[in-house]
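> Handing you a structure now.
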């Protein structure tokens, strides 16, 4: 009885079940051709062949019914070769046949390496030849980048190399490499060998060998080679009539085909074989690139007994059973569709289990409890550290956010307390004497007034004395006034005679002044005002050029060296100034309890208010000042700290009253600017001097009304030389060059003092072979300069007048 009918999994009868075997052939277990399984799993068809062979050689004792008669013979060698690679290599004939196939495929080194590893494992480690053999195996198969080395993992090759270098020879040294080569052969070469022409030819010739013939051998060979052709009645089949290339196919078992001669059946088989072998010869997996035919249900278990019109023969010739109508034999697509339908119909046929196509992930593999606990503890500790780090970062960010909010609230409260309301319009018309008294109260708030004779270091004044002091001078400065130094007591001081002009130039002969010197200078001027007599206010406004001259000046010269607000108020009033009014103002100094920032804002507002109410007689002077670039003075700075202040507003809407006012400034921005300026005050004096000098250098001098200048000739330098000189003082270097004869040069700022040719080449956008010429000062020619060619990348480029001037030409 068929195994399928007795299988407990298939207990019910179905119409699509395979038919029972022909009487007398019950011993041959029916299995599907491997081509059917190849359609189900096209990537592993040879394993299907192995499974079919195992099914073909199965014993009936598995079902508990005992062995059939004449089926107690052992398995044939051909059937064992298809079980696994070990059975194939364990047989001498199989190993030789497999080696011949590998030699044809040019990958015989894999088999030699496998046998070499087997032989090395059996060697004695104490023998001196063992080390030489291991080294020879390594050099022959692994070191020379052969086909064996390409199939090994890098870690395996590194392990073998290290063991050989350290002479740590072990019998299991090549086990991992042998396992990898064996796996590669099982997946590729072994599967291709089972479908190769060499193996099939050997199977065909093995049929005539008596050692391979047994009562069950034909069944096994039939399954390996394919289905036998249909024989006509009263004819005997022989091996000579069957060709080696006749593999599995489906031949329509119609009445016409059954009555055809054997030659026609063989031709149909050859046609099917050509379609099966259609593949790329360069493809290493040729056995999976084609397709094979599924067996028809009517051809599984029986042959045609006679040509009589019986139920059996009618069922064999019925096209509904064969699933291939006679008129569709030539259509390949139709054959494929019918094969797939037959495969679905015969899907319940019991077949031996085949390996899973997908392996479970590594996480699902069973692990030792101790190793699993160690991995779990390590992961939990890592997670705990990450959570603690994130929590600490969140706490820190929250603290920083709270501190910022607290600082913003404090800043807003301080700005609200320091902000001054706009002065009412009525205050603009107040008495000039009251304004003078208020300004002097801020300037003279120092203990130095109590002892005029001593040069004490007074505490820091509340007025913004650290602001860079603009230069100024009298427009009607004459020889008589400078020689005599005195004028009659009853004279009028007009606006034109006391107008101050801004000159932002550097006194190179005067070094930077410290904070103590600035305070001493201010104290001297204040003390002179406090100790002055009737001669103090009658002297003209004579300025000193430096701190030394200021200290050596006469009391009459220093008397009027106070803030420019006094001179402007005197000019604005246009009235006679007597000493009695000045003494009264000095005696009536009110106490100022406001802080520094409030004084600064009040001082700025007063300056703006004073400028707005100037008469029209000063418009000519304003026009001359409008030519000067407007800029805002910084609070810090040295070098010119000895100059007195003159209220020349730097804002355009103050210079031109007709211009609409700018939007009100932001309080927070003003506080930030004030903080920055106070920080600049605390910087070293040298740095403040260079910074203030660079800032004042950008402006140009304005001549006074009588055509004379308030500065000597040595300070009026060429603007080009001045810009070049001060650019070298900064942290950037000006680089100007002509590129390949272009008319317009290129100019760049490089943040370095010593620029090399290599750095210069890196800045060029276009790369190529060029010649580089740079201008430098030279006395060889009348022009005083030459273009010097530079070749070495490490050479520092020469400078000309504080700049680097170069030309880049293409190399011929």
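Cβ coordinates are placed from backbone N, Cα and C, and glycine is handled just like the others.
As annotated by Swiss-Prot, compositional bias 'Polar residues' applies to 285-303, 475-484. The compositional bias 'Low complexity' annotation in Swiss-Prot covers 305-323, 411-421. According to Swiss-Prot, the compositional bias 'Basic and acidic residues' annotation covers 388-397, 672-683. The compositional bias 'Acidic residues' annotation in Swiss-Prot covers 401-410. Positions annotated as domain 'RGS' by Swiss-Prot, on the basis of sequence analysis: 84-203. The region 'Disordered' annotation in Swiss-Prot covers 1-43, 275-326, 388-430, 446-484, 609-726. Swiss-Prot lists 415-467 with the feature region 'Interaction with beta-catenin', giving similarity to another entry as the kind of evidence.
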> Can you break down the domain 'RGS' (84-203) into helix, strand and coil residue counts using DSSP?
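Secondary-structure composition of the domain 'RGS' (84-203): 92 helix, 0 strand, 28 coil.
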> Which numbers of helix, strand and coil residues does DSSP report for the compositional bias 'Acidic residues' (401-410)?
10 helix, 0 strand, 0 coil
> Give me the DSSP three-state residue breakdown of the compositional bias 'Basic and acidic residues' (388-397), ordered helix, strand, coil.
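Its residues divide into 10 helix, 0 strand, 0 coil.
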> Could you give me three numbers for the compositional bias 'Basic and acidic residues' (672-683), the DSSP helix, strand and coil residue counts?
10 helix, 0 strand, 2 coil
